[in-house]
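Encoded as structure tokens, the structure appears first; notes follow it.
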Amino acid sequence: MARRAEPPDGGWGWMVVLSAFFQSALVFGVLRSFGVFFVEFVAAFEEQAARVSWIASIGIAVQQFGSPIGSALSTKLGPRPVVMTGGILAALGMLLASFATSLTHLYLSIGLLSGSGWALTFTPTLACLSRYFSRRRSLAMGLALTGVGLSSFAFAPLFQWLISNYAWRGALLLVSALSLHLIACGALLRPLSLTEDTSVGGPGAQLTSLFHHGPFLRYTIALTLINTGYFIPYVHLVAHLQDLGWDPLPAAFLLSVAAVSDLVGRVASGWLGDAVPGPVARLLMLWTTLTGVSLALFPVAQAPTTLVVLAVAYGFTSGALTPVAFSVLPELVGTGRIYCGLGLVQMIESIGGLLGAPLSGYLRDVTGNYMASFMVAGAFLLAGSGVLMTLPHFFSCISASTSSPQDPVIEPLDTKIPLPKEEGLGEA
């Protein structure tokens, strides 16, 4: 395969964007809408909210903790066979979950098996996308990740309707059928060879260098804190609204309202990430702070109008932070290390995904309501935004090269003007 000196910023890259669009819908769109099943599982198995919350948390954690495996396999085999295999595992997990007779079965089927499939699909697809774009990377990421917003808008009421008509077991069978489309998403991925690849070494050498890269480690800590609180509304908002006296269908529809706002936020943030001068990490900090504030205000709101406004605010800001979060990483580690870098970030931040929802459920069981749950979730995001401010040249007015690894001593973060390529990853 001929090596390119720079990402093409288009071409087949737009087909990769299309693949990532549907893939993000079928992974995180399903996860975000799983709060509809949460109420059904609590009633069916007569378990506490904290125990049921582990289903989604294990799935998120396995997806993220297993991401380095998907990244390493993609480095060796290319992303196409890896993502197609992940689609099979994701569908199989949902299929087996429809026959569950205990929470343990759901932990193993949805959490472990489907989570493993998601680990083989999400990270390799976004890493492949990052290699196809440089100047328009934030926009490409924003467009690709709108699949999450659109599917959340469609899936939450759809899943509620399926449960009403076919019960939760029949609904899971149909979710399994939807997950099979991940195989087609994988088939669209075409590997891209860049000249930078020859200088980064194998997966082992890349991981060693990343563990010695201070800005990368601080960025990973920030995303871990953000991840701890990020998914709480998608797991517990429906249950919180039902505690306030809402019917299940209107409660699920409020998730759809947040999903529409999320969709707008992703596109707007992707455009701003490429258009606004200065570090992309600064935009990420802004969106993270606003998301944390909106989360902390959820338990204070009682009126339906206020809750709708908060859902719109949360949806927009939480959607806006996602494309820029993925756009910052290539500027820190370079496109040659993006597979291992993204996989390692996903693995470490899985700690937040694993603990967030159960902690929220535990606080609900202890206090009898979701006030502490949402406030603690907001605090985690605000703490993550504080860590982002420690990244190199965060307060600089200039931004860094979008395709080569950043030396934080010499180059500022995320610039759009070409600078000489530096050796290695730089120092903390």
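Each Cβ is built from the backbone N, Cα and C atoms, and glycine gets one as well.
Here TrEMBL gives transmembrane segment for one range in the set 106-127, 392-413: that range is 106-127. The stretch from 82-100, 249-268, 338-358 that makes the most Cβ contacts under 8 Å with the transmembrane segment (216-237) is 338-358. For the transmembrane segment (338-358), the partner stretch with the most Cβ pairs below 8 Å, chosen from 12-31, 106-127, 249-268, 280-301, is 106-127.
Only residues 6 or more beyond the boundaries of the transmembrane segment (280-301), in the same chain, are considered here, and those with a CB under 8 A from a CB of the stretch are 138, 219, 226, 229-230, 232-233, 237, 240, 265, 269, 272-273, 307, 310, 313-314, 317-318, 320-321, 324-325, 327-328, 331, 369-375, 377-382, 384-385, 388-389, 391, 394, 399, 413-414. Contact between the transmembrane segment (166-189) and the transmembrane segment (307-326) is not supported, since fewer than 3 Cβ pairs fall under 8 Å when only residues 6 or more apart in sequence are counted.
Cβ atoms under 8 Å from those of the transmembrane segment (370-391) belong to residues 215, 218-219, 221-226, 228-230, 232-233, 236, 239-240, 243, 279, 281, 284-285, 288-289, 291-299, 352, 356, 359-361, 363-364, 408, 413 of the same chain, restricted to positions at least 6 beyond its ends. If one looks beyond the transmembrane segment (12-31) by at least 6 residues along the same chain, the residues whose Cβ comes under 8 Å of a Cβ in the stretch are 56, 59-60, 63, 83, 90, 118, 121-122, 125-126, 128-129, 132-133, 140, 143-148, 150-152, 154-155, 175, 178-179, 181-182, 184-186, 188-190, 231, 234. Confidence over the domain 'Major facilitator superfamily (MFS) profile' (13-396), given as mean pLDDT on the 0 to 100 scale, stands at 85.
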